[in-house]
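Chemist: Supplied in structure tokens, the structure appears directly below.
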Protein chains: 2
Amino acid sequence: MAEQAPTEKTARQLDRLSEALDSGVKYRVSRLVSGLSAAEVGDLLESLPLPKRLAVWDLVNPEMDGDVLVDVNDEVRASLIRDMDPEELVAAVGDLDLDDLADILDDLPDAVIATVLSSMDRQDRERLDRVLSYPEDSAGGLMDPDVLTIRPDVSLDVVLRYLRVRGELPEVFDILFVVDRAGRLLGGLKLADLLTRDPSTPVAEHMDRDMRTIPVELSASQVATEFEHHDLISAPVIDADRMLLGTITIDDVVDVIREEAEHSVLTMAGLDEEGDMFAPVLQSARRRWLWLGVNLVTALMAAGALFLFEPTLEQIVATAVLFPVVMSMGGIAGTQTLTLMVRGVATGQISERNAPALLRKELAVGLMNGLVFSLVVGGIAVAWYGQLALGIVIAIAILINLLAGALAGALIPSFLRRMSIDPALAGGVVLTTVTDVIGILAFVGLATFVLLGH
Amino acid sequence: MAEQAPTEKTARQLDRLSEALDSGVKYRVSRLVSGLSAAEVGDLLESLPLPKRLAVWDLVNPEMDGDVLVDVNDEVRASLIRDMDPEELVAAVGDLDLDDLADILDDLPDAVIATVLSSMDRQDRERLDRVLSYPEDSAGGLMDPDVLTIRPDVSLDVVLRYLRVRGELPEVFDILFVVDRAGRLLGGLKLADLLTRDPSTPVAEHMDRDMRTIPVELSASQVATEFEHHDLISAPVIDADRMLLGTITIDDVVDVIREEAEHSVLTMAGLDEEGDMFAPVLQSARRRWLWLGVNLVTALMAAGALFLFEPTLEQIVATAVLFPVVMSMGGIAGTQTLTLMVRGVATGQISERNAPALLRKELAVGLMNGLVFSLVVGGIAVAWYGQLALGIVIAIAILINLLAGALAGALIPSFLRRMSIDPALAGGVVLTTVTDVIGILAFVGLATFVLLGH
């Protein structure tokens, strides 16, 4: 689906907004901004260089400020918060849901935090503390502690009347949670059952006692998998004693899935999804040093391997011209295996049980493609330099390096995980280091032995 | 979040299942499988080599067969369908929702399609035709044409009684769609309003006339953005005349988002998300030829550039040892810019309006990092070979190639899009071709001029 046109609507909004900003007519900007949702405003603010961003931010409806702050990434949020008075901030975040407030609390100035906390009632402060006590990327950090609960012994009719009196329902709402006197989860009453069953019968008769529950310490990514696997809209979060701590709803899970996706694409280039596209140059540059530095080290390792064979490179200059071909073919083949493995392990579809079968298959594929491309590259080398021996040497090197790529691609992820390194981040660098060095050793080394005879 | 432990639950299920399969006790396998959802069974089947996959498939509850077929990827689905009798298939897909049936209809044998169609009533056949008339990755292809609608002039009480009589509600259900006599969408009645407003008042009084609607031709990826930006749970799909054609619910959107994420990661390695992990070796190998072939061509272009400078490589062997460093540093820096651009364009956050500002910023970052790493690499070269001139030449080459990387990374995506090529697929190859060739020309070319004096 990525072949499709980009998300044209956002781009169109951005164009119109930039035009309005350039025109200098504030009213035009305000009118454009007022028709957008908080998430859309957030996306636009992320897309603007700082001066324009702050100009638009001043024109956003203050009632929306809190939700926009929750939506934007960390660095952009910091740039917006720096632009706000303490009073504005207090007003902006005061009405946020507790789970959203928990997400951005750390980024607020201490004075603002103190004011916001002091204006809360005891129950809300306790609930906020509860959310803050769990990691941000766990079920506990995702959940909304503000839950609508009912008791098992009341009739459906009483529940319906209770909802009517309350007058306001949660935004996402497909199940009512049934708890006992102590707050322990007994089950869930589906809205469909509430609406269609005999109103005089008690909740206990219709509640689902086997509903899906989310343990509070589950990671956000596993929460997302649970929602996907069971098509959940909302789910109760419980502790080891089945005490109901909060709920997670699908809209929060959608954000988790999108962030995970962004993260895995950016990580492969050593980038961070919390960065501001328009951060100051020095800051952006420094953020990339680590990745450039790591890759410099691996490039120097390849150079070290070449250094060993300087005489060969001098005497048979064809090896100097052709070794990048051997290097890169191994890297590409290995990256394909690596990508399959990293993705399979991330989805749980590759475990220690089926990994050996997959390794055998990848080696077989590497062998087959090694044979195919050793013929192709060997043929090209013979045609180019007119030396059969050179063609044979490069063919063997290609075969060796494609097998090395398959082997490295299959084994590196579990090796890195044992060292507690994210394979999505480091897998590509380690893999190409292996295929670069093995490619050079195999090709230039073999040329030294076969063609120079030592 | 990708640093987290893999989705342990799936992996654990896979381990237990493999163990049970190896034990040969069918009952143990059945019992494990019977506790799983269709999506979980699908994930497991995708993770198993063909013989084990078919053994498990035979033990899956036939009532679940249809949903599992919808869930698995194209190649795995084909392997399961080949294993089934026509009668089994008809039974499996007969009860599917029309939107799900539409997704897999193409993969079924003609005889099965004919039987299934002939058993449908006219209305369902028309609805199925409607879904099939839109591309699979558009709102029309995603929507469920089976919609529960109400009329504006009835009272809330009548709606509640109607739901009660019906006895069964859609699985995802937060809004009732209000249509006129012709089937045109007038608005939506939120469930919350249905439950809390005065039952004697008419629907028209409470319905939301400005509800978010999805045009039927919108792409799946833009549908997902709409759901994310407005925290939708379900939304009506309409045509240009506001005729209500169907609904899209968040669970389908979650699948779209996940597939897009998979697609963008796999695409970068030239892989396809519809592939079977355990496809036959020849099939897997052939699938990778194109990508290996494309990369071979680009590697040969770099070799061609080197070929021009054979005398330099022979006479100053240090250039043969060090040019890969220049090549790879430019490639890494350029990939970082490219990744930011591809992602920003995909989310609509980069348009023609802010692209120039971003290009300037990326060039400034490239300049700064070019200066930093030209000092580092130049210093290393001087330390290694003891030649100041060599150090200066490689430093200048690094600076040139990092600037070239930033420029190429920023411009390639829009260049490829103008040629209707997916930048996520081809961007990396084109970029590294540019940085490889420019790196070689800058370094070895400059060395020829400065160090050899011609």
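Positions of Cβ are set from backbone N, Cα and C atoms, glycine also.
Got these off TrEMBL a minute ago, pasting:
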type: DOMAIN; residues: A:143-205; note: domain 'CBS'
type: DOMAIN; residues: A:207-265; note: domain 'CBS'
type: TRANSMEM; residues: A:289-309; note: transmembrane segment
type: TRANSMEM; residues: A:321-342; note: transmembrane segment
type: TRANSMEM; residues: A:363-386; note: transmembrane segment
type: TRANSMEM; residues: A:392-412; note: transmembrane segment
type: TRANSMEM; residues: A:424-452; note: transmembrane segment
Chemist: The transmembrane segment (A:289-309): which same-chain residues, six or more beyond its ends, come within Cβ distance under 8 Å?
Modeler: 269-271, 319, 323, 327, 429, 432-433, 436-437, 440-441, 444-445, 448
Chemist: In the same chain, who gets a Cβ under 8 Å from the transmembrane segment (A:363-386) while lying at least 6 residues past its ends?
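Modeler: Distant contacts of the transmembrane segment (A:363-386): 318, 322, 325-326, 329, 333, 337, 392, 394-396, 398-403, 405-407, 410.
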Chemist: Could you give the number of helix, strand and coil residues in the domain 'CBS' (A:207-265) as assigned by DSSP?
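Modeler: The domain 'CBS' (A:207-265) comes out at 27 helix, 16 strand, 16 coil.
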Chemist: Given a Cβ distance threshold of under 8 angstroms, which distant residues of the chain, six or more beyond its ends, lie next to the transmembrane segment (A:321-342)?
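Modeler: For the transmembrane segment (A:321-342), the nonlocal Cβ contacts are 302, 306, 350, 358, 362, 365-366, 369-370, 373, 377, 381, 394, 397-398, 401-402, 404-406, 408-410, 412-413, 423-424, 427-428, 431-432, 434-436, 438-440, 442-444.
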Chemist: Excluding the flanking five residues on each side, which residues at least 6 beyond the ends of the transmembrane segment (A:424-452) place their CB within less than 8 Å of a CB in that stretch?
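Modeler: Beyond its ends, the transmembrane segment (A:424-452) has Cβ neighbours at 264, 267-268, 270, 294-295, 298-299, 301-302, 305-306, 309, 311-313, 315-316, 319, 322-323, 326-327, 329-331, 333-335, 338, 342, 346, 389-390, 392-394, 396-397, 400-401, 404-405, 408-409, 412-413, 416.
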Chemist: Across the whole of the domain 'CBS' (A:207-265), what does the mean pLDDT come to? Round it, please.
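Modeler: Within the domain 'CBS' (A:207-265), the model's average pLDDT equals 93.
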Chemist: Run through the domain 'CBS' (A:143-205) and tell me, per DSSP, how many residues are helix, strand and coil.
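Modeler: The breakdown for the domain 'CBS' (A:143-205) reads 20 helix, 17 strand, 26 coil.
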